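Sequence annotations record features per position, and here TrEMBL assigns compositional bias 'Low complexity' to 675-690. Annotated compositional bias 'Acidic residues' per TrEMBL: 780-790, in sequence order. TrEMBL lists 794-804 with the feature compositional bias 'Pro residues'. What TrEMBL records for Cys16-Cys26, Cys90-Cys151, Cys121-Cys131, Cys180-Cys244, Cys224-Cys234, Cys329-Cys339, Cys434-Cys444, Cys539-Cys549, Cys638-Cys648 is disulfide bond. Here TrEMBL flags 16-47, 52-152, 155-253, 258-360, 366-465, 470-568, 571-669 as domain 'SRCR'. Among the features that TrEMBL reports, region 'Disordered' is placed at 671-691, 762-849. According to TrEMBL, the feature signal peptide maps to 1-18. As annotated by TrEMBL, transmembrane segment applies to 703-724.
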Amino acid sequence: MVPARALGLLLCVQLCGGAETTLQECLHFGWGKHFCDHDRDVGVTCTEALELRLAAGRGPCEGRGEGKLRGRWGMVVDDSWDMEDAEVVCQQMGCGSAAGAYQGNEFGQGDGPINLAFINCDGTEKALWDCKIRGWGPYTSPTKYDSAVVCQGFSRLAGGDGACSGRLEVRQGRAWATVCHGHVDLKAAQVVCRELGCGTAVAVPAAGHFGAATGPLWDGAFECNGSEPLLASCARRPTHGQACAGPAAIVCSPYTGFRLADGGSGCAGRVEVEAQGTWGALCASAWDLRDAHVLCRHLGCGPAASLPPGGHFGTGTATGPLRRDALSCSGSERHPGECPVALLGEPACPPGHAAAVNCSGAAEPLRLLDGESRCDGRLEVATSPGAWARVAAGPGDDRAALVACWQLGCGVPEKVYAVPAASSGPVELQELRCAGSEELLAQCNASGPAAAPGHSPPEAAVACSGSRRLRLAGGPGRCAGRVEVYSEGTWGTVCQDAWDLPDADVVCRQLGCGRALEAPGSERFGPGVGTLWPGAGGCSGTEAALWACPAPARRGCRRGGGAGAVCSGLLRLAGGSSSCSGRLEVLREGTWGRVCANDTSPATAAVVCRQLGCGSGGRLAAVPAQGSVPAWLGWVRCQEGAPSLWRCPSAPWHLQSCGPEGVAHIACDEDTEDTSGATSTAGASSSSSSVAPLTAVSGSVPVPTVLCVLLGTLLGLALAALAVQAHRARLQRRDPVKATDVGAEAVYEELDYSLMPEYQEVPSHTGSLSEGSGMKLQEDSWDGNDEELSPGEAPAPPAQPGHGPPDGYDDAAAVLEEPPAPHSRDVPAQPHGKTGYDDVDMGTLGTAP
């Protein structure tokens, strides 16, 4: 661009309407005709030349605000940066709503010029430069008013076993909306997992895998190429009224790769995993045959043949200690990343004790697709390496299914059925004729189907007994709700006729949710839909799985389905003012124990608070270890962004007494708006069987409510007095002597009624937006005589919460273990409006050359 000063004054524009395509179409005095000098030259900055980013955060949705102006990145500075400003930034970045607005060096000191200064947004603008901006840079001036933002994120995974698996929800305004199954694919899932810091996507399960939707539905589908930084950056397409089959589900894994090393082939060797771009060997301490089966099948090596002792294939050249990650596979997972993983309490791995496996080496020539696991779905057989053929439904499917389930290690067939022909994938069809006694499906007779050209016959599908699943649906989290069983290829509810606490205890233990606190009927979580699963209601409480209980000897179900369970969870904050503050306690082997504060990392507080649905952050403190209650853990070292407490390293599990450092106490930033419904069980005690209803723990009564009650009482008294006076006047006209006695009686009756108002429960949290988590500095103006900006004095930290009694847990709130996504923050309350910039001296900012 050539400066106007070098060209001379060419055009003096008088008026433009805004719709003109060229500048000369505006009203002007003609070329070279003007009445001004070069001190009135004008300039333009187009919005396409502006860029915005968040720097120095853990991802693209948090960090220090920076703007690109004239091709150079610089700081965004504001002495009264608030939630309205942050909301605009988050929405513009595709990161949902704002969770916090910060000033100062929250994300480090920025460098470069000041490009945008003195910003005033009302929160509805589409871009930051649509707000009122008094300072368009670049300026050179030292400042302590760097503006920073933490956004809630556009997407999250809810209802799973952590922040990295669950049903997909996206931010719609200030609410979370559920995305329907079929509106995302594996590429979109990869974007979601990367956005959440959860590694890679390993599965997109069937609709409703993590329960039903809890809020509105997202009207749209995502089309990603897999390389986008955020799901909000993906293209979107309308659904054209397509019915929602159920919530979309995604399973992420921190592992981005698996391999077997130094075994002479790709199907034998030392187990190594890749996480965050680094390969490392897995410790053999918790490695078992079910884990090995899943890994071998994932690598295309068939089932596992044997497990050599740890270190059999050496330790390799990987640097650092062996990974202590303990996988807990059931054996029916399609990918090792689908298996639950625990690190908490795992002991240090002995040197050289690396996991090893010998796979059978023969890839399985059959598979079941489109089911809940590798043990149910549409049957396909391999015709050559990498080529698959579908199996046409026929009269011999029962015998073929028996062989298929046996060969896959999935038990016996529960249901054999026909499904419509798939619209994509392999097109070859085969008919199988089996006797049922074969060990391999390849031993059955196979032939092409006798189908008319262009006709697609239905295909065979099988649900093996190894596909059974269990979940709690319709509740506030994964550890409370209506019991549902996946059997015979479909989800069904459980009859509540003989349902009792021992049955619920089996469910809670099977789901890893601790012990059963209640066994409610359908009145709590609804009757549900689907088929009725009859095999429940006769458990002793010691069975390993619900389907291991003896089937009740009854016919029919008089009360219908809807049996529920409320579990204790494995994690709680006890002895505090609410379920979101108190001593950190974990449940192991049926016993609650505390966590020692010795060297427990501050990031542990935020991880626990997110897992309990108590906000996105918290404060960790050490309090005296009063009483005789032992501790289970110490040295808990969570890192920022850990998906759950179980993924944090610590000292090994053992009952211990904490030293002079005391026990860990956490006070969370309570979450009052989260639509996922994180709810705690109030009043639960480890020594009492009485359990309070599943409601939020009430806090203090708000002052406006108290004032309303007092004013209402006074108004009632005044109305009563007026009524008595009117009644007395009428009686006075009729019988002056009797009026006095009757009036006194009327006053007594009216006052007795008015002083006994109807009881109404006061909720602990209102429906309004909660107070912002970001620390708001006082709105000081920039002093033109100072070289640096001096922020206002920060408010004092909140007082330490009170502690409960030293012994017992009568004041403890057993919190349901629910892991919301790292981005499930609530939108803080909107601060008061700004006072403007009339007192700001723009001369304090030095213009950059």
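Keep in mind that glycine also has a Cβ here, set from the backbone N, Cα and C atoms.
Automatic prediction, not curation, is the source of TrEMBL annotations.
Distribution of TrEMBL features across the structure.
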residue: Cys90; record: disulfide bond; contacts (Cβ under 8 Å, 6+ apart): Cys61, Gly96, Ser97, Ala98, Val149, Cys151, Gln152
residue: Cys131; record: disulfide bond; contacts (Cβ under 8 Å, 6+ apart): Asp85, Val88, Ile119, Asn120, Cys121, Asp122, Glu125
residue: Cys180; record: disulfide bond; contacts (Cβ under 8 Å, 6+ apart): Ala207, Leu217, Trp218, Ala221, Thr239, Gln242, Cys244, Ala245, Gly246, Pro247, Ala248
residue: Cys224; record: disulfide bond; contacts (Cβ under 8 Å, 6+ apart): Asp185, Lys187, Ala188, Gln190, Val191, Leu231, Cys234, Ala235
residue: Cys329; record: disulfide bond; contacts (Cβ under 8 Å, 6+ apart): Arg290, Asp291, His293, Val294, Pro336, Glu338, Cys339
residue: Cys539; record: disulfide bond; contacts (Cβ under 8 Å, 6+ apart): Pro502, Asp503, Asp505, Val506, Leu546, Cys549, Pro550
residue: Cys648; record: disulfide bond; contacts (Cβ under 8 Å, 6+ apart): Leu343, Leu344, Thr604, Val607, Val636, Arg637, Cys638, Gln639, Ala642
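Counted over every protein chain shown, other Cβ atoms within 10 Å are most numerous around Cys151 among the disulfide-bonded residues Cys151, Cys339, Cys444. Note on the domain 'SRCR' (16-47): DSSP counts are 7 helix, 2 strand, 23 coil.
Cys16 (disulfide bond) sits 82 Å from Cys444 (disulfide bond), taking the CA atoms of both as reference points.
When each of 52-152, 155-253, 258-360 is scored by its Cβ pairs under 8 Å to the domain 'SRCR' (470-568), the top-ranked stretch turns out to be 155-253. Sequence-distant neighbours of Cys434 (disulfide bond) (same chain, six or more apart, CB under 8 Å from its CB) are Gly396, Arg399, Ala400, Leu402, Val403, Leu441, Gln443, Cys444, Asn445, listed in sequence order. Among the stretches 52-152, 366-465, 571-669, the one making the largest number of Cβ pairs under 8 Å with the domain 'SRCR' (258-360) is 571-669. Take the CB of Cys26 (disulfide bond) and look out to 10 A: across all protein chains shown you find 14 other CB atoms. In the structure shown, across all protein chains, Cys638 is the one of the disulfide-bonded residues Cys16, Cys244, Cys638 with the greatest number of other Cβ atoms within 10 Å. A count of other CB atoms within 10 A of each Cβ picks out Cys121 as the most crowded of the disulfide-bonded residues Cys121, Cys234, Cys549. Helix, strand and coil counts from DSSP across the domain 'SRCR' (258-360) read 13 helix, 35 strand, 55 coil.
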